[in-house]
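Chemist: Below you will find the structure I want to go over with you.
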Amino acid sequence: MSRLLITGASIEGGAAADVLVVDGAIAEVGHDLDRSGAEVVDADGLVALPGLVDLHTHLREPGREDAETILTGSQAAAVGGYTAVLAMANTNPVTDTAEAAERVHALGQAAGVVDVHPVGSVTKGLAGEELSEIGLMARSKARVRVFSDDGRCVGNARVMRRALEYVKAFGGVISQHSQDTDLAGSASCCHEGELSGRLGLPGWPGVAEDVIVARDVMLARHTGSRVHVAHVSTAGSVEVLRWAKSQGIDVTAEVTPHHLLLTTDLLAGYDPTFKVNPPLRPAEDVEALRAALADGTIDAVATDHAPHARHDKEHAFVDAAFGMLGLETAVQVVAQVMVESGRMTWADLARVMSTTPARIAGLEGQGQGLVVGAPANLTLVDPSADVTVDRADSVSLSRNNPYHGRSFGASVRATFLRGRATVLDGTLV
Amino acid sequence: MKKHLLSVHDLSMDDVETLFATAAEMHDVQHRQVKKLPALRGRTVINLFFEDSTRTRSSFEIAGKWLSADTINITGKGSSASKGESLRDTVLTICAMGVDALVMRHSASGAALQVSQWVDAAVINAGDGTHEHPSQALLDAYTLQRYFEAKNLGPLEGKHVAIVGDLTHSRVFRSNVGLLTKLGARVTVVAPPTLMPSGVGPWSQDAGYATSYDLDEVLPTADAVMMLRVQKERMSGGFFPTGREYTVGYGLTRQRLSLLRQDVPILHPGPMNRGLEIAADAADAASSVVLDQVSAGVAVRMSILYHLLAGEGNEK
Amino acid sequence: MVPSGIEQQPDQQGPPSGTSGEDRPGRVVFDADEIARSLTRIGHEILERNRGAEDLVLLGVPSRGVPLAQRIAARIAAVEGVEVPVGSLDITFYRDDLRKNPARGPQHTEIPPVGIDGKTVVLVDDVLYSGRTVRAALDAMNDLGRPDVVRLAVLVDRGHRELPIRADHVGKNLPSARSERVMVRLAETDGYEEVRIAEGPSNVGRKGEQA
């Protein structure tokens, strides 16, 4: 019988208590718990959160193991306080079969650092035309529940309708990358607005996202199915979501840490580190996203962790790859933007980064909170740290870290996956 | 003067005056029998053109040669991305050969700025995507100054310059609007709404230039007209329906010439689409300075190369 | 300090701090009257040497060589009644220390319409020191044409030559130490007239310093 005692942690930012973990599950939460035979972790001054769940991670394996592997991506997740991640399907080969999904799942289990749940693609090869083997992926050992062509939008309304209908059979969800490809031309590389006009960069307007979100919530209503809007980035999408929820449409949405903090102004130096899809938007959009996360219109935070090899970023801006790292810095960013600013509590943060994402993805054994009987997936965060991000310190294989040089007031000190420490003292175990 | 010339915004008023004064001396050299100055002897200038451009490349090449620099042309169509090599690797490889200046043309906006952060050589932006073309703006302003001077029309300051055409995709527009407003000219940009750059409303307010959809309204008060090249492939992008319709709305036609005072100079960065954005009558008018622009181009580029390369110690 | 550069400076002086000369360092070795007399004498010498004003062209080296050349031409006109063509010959692009300093803008080069081919060109400068300015001027002239004869006239020769160059016409030989500065000031360029010698580094490269 293994015993772990975490002492003095503030439970989701509330009162301090000890957490006793026995055989990977939370056995007791209280004061002055019995230390005998227990490995003791002193968490005085730290906030205990349920292990974080990322709805949106790119692990790059198979295909681009030079940028990230399932192991290194899992490690980056653990360092960021995560105990489960959903691995996006846009690998090479694409996760569009049961075999591909099971392989990702198995590699995740072999790495053993976080739970890795493959996301299946909606369409074969992400081509947007024929449905992938959605049902077989759902029935596979990987138990796939989330399907997404992320990186690309399911642009064809008929295909989207069929996908939404099809996943109803097993309670699946379509996570949509909302981007009208006619409004966002192939050369588009940033938010279309005053800055892109000055910089001479081809951009796409916020409305290219809004129109797809609007279409998809209507399709969700029509099909009675469930749609999830990945990485919401515009005030327009937020308006549509607010309306859709008021109508009782079964829609959920996520926002990334970078869209909560960074604005399009950062593109002035043409640094491809800040090239991401959806693009960084103006401050008005960022404010709308913060408000929407605070009031529940946006349900969850997801990282869209997108590692890229250096040589895929060291191109001219329009030629460089889209995406930025996110797993290791997510809590810091959300804490700064939402908690330190007083817009949310730590309990709210636990909801949007653990409980709700686990529910959206249909994960068992994750996001159950710090309650007796729950699997001991938890993370300890120092809420009064002073850390400056150095991209060289990352455990990710890639260095496209948009927060390099920025300082934050929170840092992950420890992470436990079913009672086993994956991170202690801020370092991988 | 800064180490690189990436944008007209890198230049102070003093810099521009210095460049123009030197360009005037270089202009004289163009008319000598021996068109050669030893100022850049032993310096190596690479014309690195990722995008086709005969006139800008030859202009820089002549400028470099007349200053006695060793000028070498490297052209590579298409982005380096398509060849599997990163832009950084491409330019570092070239610069490792020992290069004092990179004159760079690239189809991507910002490429020159990015490269300037990777290499030790001075980087001269000879056109980056739809962003800037600073040497073109310098030669345009220089041409206008000389024209107004020669005709006793006073200084460029306070003059009303109309820039007409495909603004969205024009680096010439972006550099010119920056430089001309810096030099105190009043600029109105004219284009159909689909060819106005995104965010032009707040940008024009901030930068102090005017916008119009109506060329006929602007021409009568213009002291200079700059026509921009319109690419026919934009029609397929739905920016305008047909060439004919564009010409009727925004071309400098024979009829529109009558709206201009006789002494109003007509500029075009070339290559011209005669009959589309500019009628032959306008291109060949007595007030057309299109060829003066080409000639000034060499002088201005000699001046740029001289000031960036002849001495040591330009600020970073 | 050993001068290694060229004893020529573009006219980058600010306005004179005063015209009395009392608040300026060093001592005056040549006042306005002496300058005028020297130039008259140089004018005569040039005519004598050339046996008249035929085929003469005066080229001043900017900045102060140009007004000196114009003044000499005026003297010649007064004596001979002939207008000798005057031009300016900038040497900025030909300097051998171009690389050592931030690039300076050139000054104006203007060759008289008669040209210099087959002419007797008299180069005019204010101070002859290392000889490097003259070398640069000869190079510059080489790109402009082929005179029959080139002569050199200077207001002051302060010695310390670094090249095998001598002046044909000298206003004043001024023995000086390398640690001293010789400063020529002319009404046209400076608003007052004098030649002054002062202690201080003859830092050629420095802005506004006289070699």
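Note: Cβ is positioned from N, Cα and C throughout, glycine not excepted.
TrEMBL labels come from automatic prediction, so no person has curated them.
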Chemist: If I go by TrEMBL, which of A:His117, A:His177, A:His258 binds Zn(2+) 2 at the same site as A:Asp150, A:His231?
Modeler: A:His177
Chemist: Of the candidates A:Asp295, A:Asp299, A:Asp304, which does TrEMBL annotate as part of the Zn(2+) 1 site that also includes A:His56, A:His58, A:Asp150?
Modeler: A:Asp304
Chemist: Other than A:His56, A:His58, A:Asp150, A:Asp304, which residues of the same chain sit close to Zn(2+) 1? List them in sequence order, counting a residue when its Cβ is within 8 Å of the Cβ centroid of the site.
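Modeler: Going along the sequence, the neighbours come out as A:Thr57, A:Met88, A:Ser148, A:Gly151, A:Ala230, A:His231, A:Ala302, A:Thr303, A:His305, A:Ala306.
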Chemist: Quick one: which residues besides A:Asp150, A:His177, A:His231 have a Cβ within 8 Å of the Zn(2+) 2 site's Cβ centroid, in sequence order?
Modeler: A:His56, A:Met88, A:Ser148, A:Gly151, A:Cys153, A:Ser175, A:Gln176, A:Ser178, A:Gln179, A:Ala230, A:Asn277, A:Pro278, A:Asp304
Chemist: Nearest by CA distance to A:Asn90 (substrate binding site): which of the binding-site residues is it, out of A:His58, A:His177, A:His231?
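Modeler: So, of the listed binding-site residues, the one sitting closest to A:Asn90 (substrate binding site) is A:His58.
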Chemist: Around A:His58 (Zn(2+) 1 binding site), how many other C-beta atoms are within 10 angstroms of its C-beta?
Modeler: 28
Chemist: Anything within 10 Å of A:Asn277 (substrate binding site)? Look among the binding-site residues A:His56, A:His58, A:His231, comparing CA atoms, and list what you find.
Modeler: A:His231
Chemist: What binding-site residues among A:His56, A:Asp150, A:His231 are found with a C-alpha within 10 angstroms of that of A:Gly323 (substrate binding site)?
Modeler: none
Chemist: Hey, of the recorded positions listed (A:Asp150, A:Asp304), which one tops the CB count within 10 A?
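Modeler: Top count of Cβ atoms within 10 Å goes to A:Asp304.
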Chemist: How far is it from A:His56 (Zn(2+) 1 binding site) to A:Asp304 (active site), counting Cα to Cα, in Å?
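Modeler: So the Cα of A:Asp304 (active site) lies 5 Å away from that of A:His56 (Zn(2+) 1 binding site).
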Chemist: Please give me the binding-site residues out of A:His58, A:Arg60, A:His177, A:His231 that lie within 10 Å of A:Asp304 (active site), comparing Cα atoms only.
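Modeler: Checking each Cα against A:Asp304 (active site), the hits are A:His58, A:His231.
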